[in-house]
Amino acid sequence: MNDITILAVETSCDETAVSIVRNGREVLSNSVNSQIESHKRFGGVVPEVASRHHVENITTVIDNALMEADVSMKEIDAIAVTEGPGLIGALLVGINAAKALALSHHKPLIPVHHIAGHIYANHIIEPLKFPLLALIVSGGHTELVIMKNHLQFEVIGETRDDAVGEAYDKVARTIHLPYPGGPHVDRLAAEGQDNLKFPRPILDGYDFSFSGLKSAVINTLHNKQQKGEDIVPEDVAASFQASVVDVLSQKTFEALEHYKIKELIVCGGVAANNGLRTRLTQMCKDSNINLHIPPLHLCTDNAAMIGAAAYFYYMNNVRAELNLNGKSTLDL
Ligand code: KG4
Ligand code: ZN
C-alpha cells in the first residue's frame, strides 16, 4: 500500500502547530509555537491575542514543519486541520491556512475533531487497541470516551462546568501561582497534606463538575483570611489535588468495570499530573488494566495528534469542502 503523508494544522487554542505525519504513526516533524508567555500576564488565554499570534506565526510554522520533515508539498497527500471545538478566531486562522494550501496545491482537505486528535496521540506511540476508554483531561476538556473501533466515539461523561485544567489554573491563581498553574499546583501538592477536607464532587453517571470544588477552595481561603489563620499553599494544593484525583480515578474505574474495558488512555495537558498518574498506575496494576499515557509533548496541544487521527479520516474518505467553517463547540 502507498504511504499516506498528511500535513496537519492545529490552532484551536494558544499553540500554533503544524506536523507532517506518515501513515498515522510516523511523525516526520512536529512544529509548535507556544504563546504561553504572551498570555501569562493576563492569567489565562485571551482569545483575541491568541488569534493575532496565530496569524503572525502560521506561515513560519508551516515552513518549519516542511523543512524539518524534509518533504515538499508534492509529497503531501492531504491537508488536515482542527475543525473544533476551540476558540473560534483561533480555529479560523488554521482553517484558512489549511484551505489555502489545499486549494493552491490541489490536495484534499480533512476536518479533524480536536478530542479525536488527543486520543490518537497515543496511536503514535502504539497502535490503539479496542475497546478502549479514554480520559481526556485538559484546560478545555474533561471527558470519558469509549471507542470500539477506529473513529467510533461514544462520549459517556463530560464536565458540566469547568474543565479540570481550568479548575487547576483558577485554584493556582488564588494561591498566587503563575499561569498555567496546573504544574505548579502539582509540584506544591507533593509537599503538602490533604487536611482541608474539600468536597469530592461525584455526580450520577460519568459526568464531572469542578466549579463547586473550586468555590470550596476560594471560600476556605477567604474564611481563613478573615479569621487571621495561616494559609499553607502546599496544603491547599495537596487537598485540591487529592479531591480531583479521587473524583477522576473513581469515575474512570467505574466506567472501566461497567463496560468491561481493559485499555485506558489518559491524554490532554492534565495527564502530566503526578498525583493522577501515580493513582491510575496503581489502580490499573491492581485491576489488570493496560494504562497508556502519551509523552508530554503529545499530551498537550500539538498537530501530530491531528495528523494521526486524520489518517483514519482520510482512509474513510472524510473530506471537507473549501467552505469549511470553524466550530467552537462540536460533537465527537
Ligand atoms: O492540553 P493542554 O495543553 O491545552 C488544552 O487543550 O487545554 O492542557 C493545558 C492544561 C492547563 O490547564 C494546565 O494547567 C494543565 O493542563 N496542566 C496540569 C499539569 N500540567 C499541565 N494540570 C495539573 N497538573 C499538571 N502537572
Ligand atoms: Zn487540547
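Backbone N, Cα and C define each Cβ position, glycine as well.
Values in this document were obtained by computation on a predicted structure and should not be read as measured data.
Annotation source TrEMBL lists domain 'Gcp-like' at 26-307. On the 0 to 100 pLDDT scale, the domain 'Gcp-like' (26-307) averages 95 in the predicted structure.
HIS114 (Fe cation binding site): 26 other CB atoms within 10 A of its CB, across all protein chains. Reduced to three states, the DSSP call for HIS114 (Fe cation binding site) is helix. The feature Fe cation binding site is assigned by TrEMBL to HIS114, HIS118, ASP301.
DSSP assigns GLY140 (substrate binding site) to coil in the three-state reduction, placing it in neither a helix nor a strand. What TrEMBL lists as substrate binding site is ILE136, VAL137, SER138, GLY139, GLY140, ASP169, GLY182, ASP186, ASN273.
Between the CA atoms of HIS118 (Fe cation binding site) and ILE136 (substrate binding site) there is a gap of 7 Å. A Cβ distance below 6 Å to any atom of ligand 1 is met, among the binding-site residues HIS114, HIS118, ILE136, GLY140, GLY182, ASP301, by GLY140, GLY182, ASP301. Annotated Fe cation site HIS114, HIS118, ASP301; additional same-chain residues within 8 Å of its Cβ mean position, judged by their own Cβ, are GLU10, SER12, CYS13, THR82, ILE115, GLY117, SER138, GLY140, HIS141, GLY268, ASN302, MET305, ILE306. Selection of the binding-site residues ILE136, SER138, GLY182, ASN273 by a Cβ distance under 6 Å from ligand 2 yields, in sequence order, SER138.
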